[in-house]
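Per TrEMBL, these features apply:
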{"type": "DOMAIN", "residues": "26-56", "note": "domain '4Fe-4S ferredoxin-type'"}
{"type": "BINDING", "residues": "36, 39, 42, 46", "note": "[4Fe-4S] cluster 1 binding site"}
{"type": "DOMAIN", "residues": "57-88", "note": "domain '4Fe-4S ferredoxin-type'"}
{"type": "BINDING", "residues": "68, 71, 74, 78", "note": "[4Fe-4S] cluster 2 binding site"}
{"type": "DOMAIN", "residues": "130-159", "note": "domain '4Fe-4S ferredoxin-type'"}
{"type": "BINDING", "residues": "139, 142, 145, 149", "note": "[4Fe-4S] cluster 3 binding site"}
Ligand code: SF4
Ligand code: SF4
Ligand code: SF4
C-alpha cells in the first residue's frame, strides 16, 4: 500500500464501514476518492441541497435534507469525472426500515407510503397495525421516504460497503 492509500485507510478506513452515500452516478468508492478533488461543485449544483461536505471534505448525500430528483446536475458539475452520469444506474443503495418504525410499536403510520413517488412501499396487513413493506425492485433510492418518517426509521446505505479493519 502506498503512502497516500495508507493515509486514506487510516483516515477513512473505519468510517467506510458506515459507508457514506456519494452523489448518484459516483464511481465505486475507491475510484471516487482517487478522482474527487473536493472542489464541491456538486454540493453547489444540487437543487435539493442534499449533497453536503462530509468526512475529509468529500461530498456525501444527506437524505435528512430532502430527496434526489435524479436531475443529473451533480454529474454535470463534476469536471473531475468522479460523478459520471454515463453509468445508467445512478447508485446501488440498500434501504432498511429499523424497529423504530411506528407501526412496529402499534402506531398507525403511512407517511413513507404517501411520500414514495415509485409506489415502492405498501402496507402489509398481517398484524393489528399494518407495517410498511418495501419492494426493492421498484425503489430508486431517491430518499423521499427518509426525512418524512417521524422516528427516522428509514435509511439508505451503499450496497457495496467496504469494511476496513
Ligand atoms: S441528481 Fe440532482 S437532486 Fe440528485 S444529488 Fe445530484 S444534483 Fe442533487
Ligand atoms: S414513515 Fe416511518 S414510522 Fe411511518 S410507517 Fe414508514 S417507516 Fe414506519
Ligand atoms: S427511497 Fe425507495 S422506497 Fe423510499 S421514497 Fe424513494 S423509491 Fe420510495
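The backbone N, Cα and C atoms fix where each Cβ goes, and this holds for glycine too.
Remember, predicted model here, so these are calculated numbers, not experimental data.
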Exercise. Listed binding-site residues: 46, 139, 142, 145, 149. Which have a CB under 6 angstroms from an atom of ligand 3?
Worked result: 139, 142, 145
Exercise. Under DSSP, is residue 68 ([4Fe-4S] cluster 2 binding site) helix, strand or coil?
Worked result: coil
Exercise. Within 8 Å of the Cβ centre of 68, 71, 74, 78, which other residues of the chain have their Cβ, at the recorded [4Fe-4S] cluster 2 site?
Worked result: 23, 24, 25, 42, 45, 46, 51, 70, 72, 73, 75, 76, 77, 83, 85
For this session: Compute the mean position of the Cβ atoms of 36, 39, 42, 46, which form the recorded [4Fe-4S] cluster 1 site, and then list in sequence order the other residues of that chain whose Cβ is within 8 Å of it.
Result: 23, 38, 40, 41, 43, 44, 45, 51, 59, 74, 77, 78, 82, 83
Problem set entry | Euclidean distance between Cα atoms of residue 139 ([4Fe-4S] cluster 3 binding site) and residue 74 ([4Fe-4S] cluster 2 binding site), Å | 21
Seminar exercise, completed: Densest Cβ environment (other Cβ within 10 Å) across the binding-site residues 39, 71, 78 belongs to 78
Seminar exercise, completed: Residues sitting within 8 A of the centre of the 139, 142, 145, 149 CB atoms ([4Fe-4S] cluster 3 site), not counting those, run 67, 95, 112, 115, 116, 120, 121, 134, 141, 143, 144, 146, 154, 156
Seminar exercise, completed: Secondary structure of the domain '4Fe-4S ferredoxin-type' (130-159) by DSSP, residue by residue, totals 0 helix, 9 strand, 21 coil
Exercise. Checking the binding-site residues 36, 39, 46, 68, 78, which are within 10 Å of residue 142 ([4Fe-4S] cluster 3 binding site) at the Cα level?
Worked result: 68
Seminar exercise, completed: The correct three-state DSSP answer for residue 74 ([4Fe-4S] cluster 2 binding site) is helix
Problem set entry | Top Cα neighbour of residue 39 ([4Fe-4S] cluster 1 binding site) in the set of binding-site residues 71, 78, 139 | 78
